[in-house]
Amino acid sequence: MENLDALVSQALEAVERAEDINALEQIRVQYLGKKGELTQVMKTLGNLPAEERPKVGALINDAKERVTEVLNARKAAFEEAELSARLAAECIDVTLPGRGQATGGLHPITRTLERIEQFFTHIGYGIAEGPEVEDDYHNFEALNIPGHHPARAMHDTFYFNANMLLRTHTSPVQVRTMESTQPPIRIVCPGRVYRCDSDITHSPMFHQVEGLLIDRDINFADLKGTIEEFLRVFFEKELAVRFRPSFFPFTEPSAEVDIQCVMCSGKGCRVCKQTGWLEVLGCGMVHPNVLRMSGIDPEEFQGFAFGMGAERLAMLRYGVNDLRLFFDNDLRFLAQFR
């Protein structure tokens, strides 16, 4: 057994001298592997008398367990040191300044639409939406727009075929609402509309908000009061407002609404072309023909409608002189509206 003790001592010394896990693995194979030195000692038990085998076998197993225990402890120490070194190398200094993130914001047109919707929902209107690809009937015919009207011309409207087109206003949403809903009706219809037009104040795609109110005993004074209060709240100013007689096929009487120029306070400037007034929207009492075609009796119900371009209002509110800036995706421009 002296040889066994010497063998164990050699193994333990080798473990202590090991410099890494690979060296430990070589020691394990040398002493505990299938052909290891302690394994070979175990194989000599067959040469001993039967009465000595249990005692010697227990000593050999104890020796193997001692070596295994020291090996595992040394291996765990190496693994812990390796993990600590890796964590130290990969650690993040949380005191370092961050890279910084650019804060986004709502697009000025989105802000304008939300501002319009907020006012009208506050006074009891609902929000209605409809398809942007519309049929000729709902876009023109049901709105009392005859076949010879200039708006039906190819140079003003995007047609897919003789019957389908990109809507030129959100009025079809009003028609569809009147067809499916009995009065009283109070809605605003925000959405994208399309027209063959592109210059400093026009875009082939723009955003429009139209409003509709249908009920008994509605008159022009109701329309006038609604529009004046909306403009006061939207621009946050006490602006002079005037209603000019105009013509729209779907309203009678019709009017254009002007406000005192927000740039010069009515004194006259380049924006208002020295007139002191700016046109902001169109409106009128819903034409009896439109009510009839939507299944509403004009003898019992009356209503008013109005429509405004969100881009036009945004230009006036924010002092933007070129509508195309809203759609150029220039972050330098858009960042001003955060």
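The backbone N, Cα and C atoms fix where each Cβ goes, glycine too.
Note that this is a predicted model, so its numbers are computed, not measured.
Listed in Swiss-Prot for this protein:
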BINDING   Glu252  Mg(2+) binding site
The residue listed as 'Mg(2+) binding site': secondary structure state under DSSP, collapsed to three categories: strand
Same-chain residues at least 6 apart in sequence whose Cβ lies under 8 Å from the residue listed as 'Mg(2+) binding site': Gly284, Met285, His287, Pro288
